[in-house]
Amino acid sequence: MPELPEVEVTRQGVSPYLIDQEVTGLTVRNASLRWPVPDLAQQIVGQTIRSVHRRAKYLLIDTDAGTTIVHLGMSGSLRVVTELTPVEKHDHIDLSLASGKILRFNDPRRFGAWLWYELPIDAHPLLSKLGPEPLTDAFNPSYLFESLKGKKKAIKLCLMDNHIVVGVGNIYANEALFAAGIHPQMEAGKVDQERLIILVSEVKQILANAIKQGGTTLKDFTNAEGKPGYFAQKLHVYGRGGESCTQCGNLLSEIKLGQRATVFCGLCQTR
């Protein structure tokens, strides 16, 4: 599943082709995504794209008339192609530009989304209650300490809660907790400030490194040019249950937390 780094890599890849371009057409071949593509999505046609930014895992394409909201879901990707590029089986949506380029949305599992919103985008129900971005100053140890006070839920589940902080999905939550030496099942409210300082730092560093490396390639993700990411080569725990810990050699344990695979080292990560 594309997480924050993958969506940010996609944004960086498509932005130069979209900004200041007039939209000349929107072709919807299959409207049956996670939510049906609304007819209102056609309102972007004739508009000039002013900016392309990201909020959590949502890609936001801004015009004067409104914003197209794109979510990659479990297996979605965006590529910039030409009019001569053959349409493939799961190419559900084309956004055509005056330059002759096309922003093409491919989603084999159809858990992604393509929506339209005319009001200020922060008011959209999908975005209005989101927590801070992890790579901004708003996500800091003091904020996290206050947010976790009294919480008995496992720290890993809190780290993946978009109301607390956005975009820290399963891959990066596993990796950050390993780097910080924190057991994923530890009660969130019992993690002291000293450990939270380390955890916040590791979250920021791991996400920034993943973006720099072009995202993590696990099954479906490719960037806007169709190339894979390379951060998977640097994973210490995710997907490595039963293998040796890269720090101590102990066998890594794998459990389910919130129905998600959770891998950790019982020696290096403590409660």
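Cβ atoms are placed via backbone N, Cα and C, with glycine included.
Counted within 10 Å of its Cβ, the other Cβ atoms near Pro2 (active site, schiff-base intermediate with DNA) come to 28, all protein chains included. The annotation active site, schiff-base intermediate with DNA is assigned in Swiss-Prot to Pro2 on the grounds of sequence analysis.
There are 24 other CB atoms within 10 A of the CB of Glu3 (active site, proton donor), with all protein chains counted. According to Swiss-Prot, the feature active site, proton donor maps to Glu3 (among others), an assignment based on sequence analysis.
Shown in sequence order, Pro2, Glu3, Leu4, Val7, His71, Leu72, Val166, Gly167, Gly169 are the residues of the chain, 6+ apart in sequence, with a C-beta less than 8 angstroms from the C-beta of Lys57 (active site, proton donor). The active site, proton donor feature in Swiss-Prot is assigned to Lys57 (among others).
DSSP assigns Arg109 (DNA binding site) to coil in the three-state reduction, placing it in neither a helix nor a strand. Listed in sequence order, Gly73, Met74, Ser75 are the same-chain residues six or more apart from Arg109 (DNA binding site) with CB atoms under 8 A from its CB. Annotation comment: Swiss-Prot describes His90, Arg109, Lys151 as DNA binding site.
Confidence across the zinc finger (236-270), taken as the mean pLDDT and rounded to a whole number, stands at 97. Per Swiss-Prot, zinc finger is recorded for 236-270, and the stated evidence type is sequence analysis.
Annotated active site, proton donor per Swiss-Prot: Arg260 (among others), in sequence order. Under the three-state DSSP scheme, Arg260 (active site, proton donor) falls in the strand class. Within the same chain, the residues at least 6 positions away from Arg260 (active site, proton donor) whose Cβ sits under 8 Å from its Cβ are Met160, Asn170, listed in sequence order.
Counting residues 6+ beyond its ends, the zinc finger (236-270) has Cβ neighbours under 8 Å at 154, 156-157, 160, 170-171, 174-175, 177-179, 181-185, 218 in the same chain.
Shown for the zinc finger (236-270): DSSP residue counts in helix, strand and coil, namely 0 helix, 13 strand, 22 coil.
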